[in-house]
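Per Swiss-Prot, the features are as follows:
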BINDING   Tyr23, Cys65, Asn70, Asp102, Leu103, Ser137, Phe138  S-adenosyl-L-homocysteine binding site
BINDING   Thr30, Tyr155, His158, Trp159, Arg224, Phe320  caffeine binding site
SITE      His152  site 'Involved in substrate discrimination'
BINDING   Asn176, Asp262, Phe264, Asn265  Mg(2+) binding site
SITE      Arg224  site 'Involved in substrate discrimination'
SITE      Cys268  site 'Involved in substrate discrimination'
SITE      Val316  site 'Involved in substrate discrimination'
SITE      His331  site 'Involved in substrate discrimination'
Amino acid sequence: MELAMGKVNEVLFMNRGEGESSYAQNSSFTQQVASMARPALENAVKTLFSKDFHLQALNAADLGCAAGPNTFAVISTTKRMMEKKCRELNCQTLELQVYLNDLFGNDFNTLFKGLSSEVVGNKCEEVPCYVMGVPGSFHGRLFPRSSLHLVHSSYSVHWLTQAPKGLTSREGLALNKGKIYISKTSPPVVREAYLSQFHEDFTMFLNARSQEVVPNGCMVLILRGRKASDPSDMESCFTWELLAIAIAELVSQGLIDEDKLDTFNIPCYFPSLEEVKDIVERDGSFTIDHMEGFELDSLQMQENDKWVRGENFTKVVRAFTEPIISNQFGHEIMGKLYDKFTHIVVSDLEAKLPKTTSIILVLSKIDG
């Protein structure tokens with residue numbers, strides 16, 4: 001079953017709640033990524049004060065916010081930098097309006113439960129902060145024209161609106177048999193389909209934001225990417241490769257129909273810096289102020305016990321993959337699947353899992 005656009009919008013979300021497998025409890029890696037990207041966000045906020053906006057309120061949106069602590073850090077960082085600039089410039093009191101966006105399946109209840117006074121402060125502070133939820137797909141319009149000064153998105157833009165089109169032959173045969181993402185054994189058409197889908201979706205994202213962001217407004221985007229030119233390089237596909245192996249083992253045990261594996265392709269693409277740069281320049285609505293890639297260990301390397309490291313990695317992966325994986329293969333076998341995944345990860349630790357590459361992209365809306 002290929003995932004079409006409407007279906008992806010229904011099943012793409014992080015594990016809900018605050019339990020052992022929840023995203024809220026297993027977002028330590030994305031917190032590391034956000035920490036690395038924080039200077040870019042701080043600089044973007046400072047830059048906004050150098051532009052002639054005559055601000056009374058700064059409107060900011062966090063797109064694909066999920067329900068972990070990263071969103072709270074974004075709010076706190078933005079608010080803190082606004083307070084600092086207001087003191088430096090002796091400007092009038094500003095207000096901060098933050099819009100938190102994700103798809104309809106997102107756990108907005110857990111998200112808003114976590115919005116303590118430590119995050120948003122109180123309305124008598126230098127920069128009063130107001131927060132609203134905005135459910136919907138960021139691949140389309142979410143806000144009125146020229147209403148946003150700052151857009152932030154972390155580890156969301158690499159998700160696609162649907163599984164790439166054209167991954168079955170005219171005879172209806174799966175072209176990426178036994179895999180759920182690009183791999184070394186995938187034919188060229190699979191790689192081309194994934195890049196084409198990402199190009200289409202990222203262009204839609206930029207087009208929607210070009211209408212919503214004010215001229216000279218900023219976007220800070222952090223997404224999973226790759227350094228290698230080859231999208232099948234283990235650096236960018238190892239998580240999906242190991243998951244496909246785990247699923248295939250359950251197929252061999254008769255617990256999953258082989259056809260379900262052969263027809264499933266994860267709606268996600270990890271682009272290179274060159275691919276992202278090319279799409280932004282082709283769109284022409286934004287200038288690239290800053291762009292860089294950086295690497296982080298995929299596992300908590302300070303933990304010596306390889307089983308603990310493997311189990312921790314599985315929890316992180318399960319938190320962001322279980323909803324969409326269980327929709328395809330069934331909720332009842334998720335325990336067995338992720339146990340199998342842990343064993344595969346631990347065995348691969350002997351060969352050392354590759355580092356994870358992330359991309360920071362800072363854009364300014366072109367005036368005119």
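Using the three backbone atoms N, Cα and C, a Cβ is placed for every residue, glycine included.
The structure displayed is predicted, hence computed values, not measured ones.
Where Swiss-Prot records a feature, it is marked here on the structure.
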{"residue": "Cys65", "record": "S-adenosyl-L-homocysteine binding site", "DSSP (3 states)": "coil"}
{"residue": "Asn70", "record": "S-adenosyl-L-homocysteine binding site", "DSSP (3 states)": "helix"}
{"residue": "Asp102", "record": "S-adenosyl-L-homocysteine binding site", "DSSP (3 states)": "strand"}
{"residue": "Phe138", "record": "S-adenosyl-L-homocysteine binding site", "DSSP (3 states)": "coil"}
{"residue": "Tyr155", "record": "caffeine binding site", "DSSP (3 states)": "coil"}
{"residue": "Asn176", "record": "Mg(2+) binding site", "DSSP (3 states)": "coil"}
{"residue": "Val316", "record": "site 'Involved in substrate discrimination'", "DSSP (3 states)": "helix"}
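Of all the binding-site residues listed (Asn70, Asn265), Asn265 sits in the most crowded Cβ setting, with the most other Cβ atoms within 10 Å. Across the fold, the C-alpha of His152 (site 'Involved in substrate discrimination') and the C-alpha of Asn265 (Mg(2+) binding site) stand 28 Å from each other. Each residue in Ser154, Ser156, Leu223, Cys268 lies on the same chain as Thr30, Tyr155, His158, Trp159, Arg224, Phe320 and has a C-beta within 8 Å of the C-beta centroid of that caffeine site, without being one of the site residues. Taking the binding-site residues Thr30, Asn176 in turn and counting surrounding C-beta atoms within 10 angstroms, the largest count is reached at Asn176. Checking each of the recorded positions Phe138, Asp262, Cys268 against His158 (caffeine binding site) by C-alpha distance, the shortest gap belongs to Cys268. The DSSP secondary structure for His331 (site 'Involved in substrate discrimination') is helix. Listed binding-site residues: Asp102, Asp262. The one with the lowest count of other Cβ atoms within 10 Å of its Cβ is Asp262. Between the C-alpha atoms of Asp102 (S-adenosyl-L-homocysteine binding site) and Arg224 (caffeine binding site), the distance comes to 17 Å. Asp262 (Mg(2+) binding site) falls within a helical segment according to DSSP. Checked against Val316 (site 'Involved in substrate discrimination') by C-alpha proximity, the binding-site residues Thr30, Asn70, Asn176, Arg224 yield Thr30 as the nearest.
Asn70 (S-adenosyl-L-homocysteine binding site) has its Cα within 10 Å of the Cα of these recorded positions: Thr30, taken from Thr30, Arg224, Cys268. Site extent for caffeine: the farthest pair of Cα atoms among Thr30, Tyr155, His158, Trp159, Arg224, Phe320 sits 15 Å apart. All protein chains considered, the CB of Phe264 (Mg(2+) binding site) has 24 other CB atoms within 10 Å. In terms of C-alpha distance, the listed recorded positions Tyr155, Phe320, His331 place His331 closest to Asp262 (Mg(2+) binding site). Cys65 (S-adenosyl-L-homocysteine binding site) is 17 Å away from Cys268 (site 'Involved in substrate discrimination') when you measure Cα to Cα.
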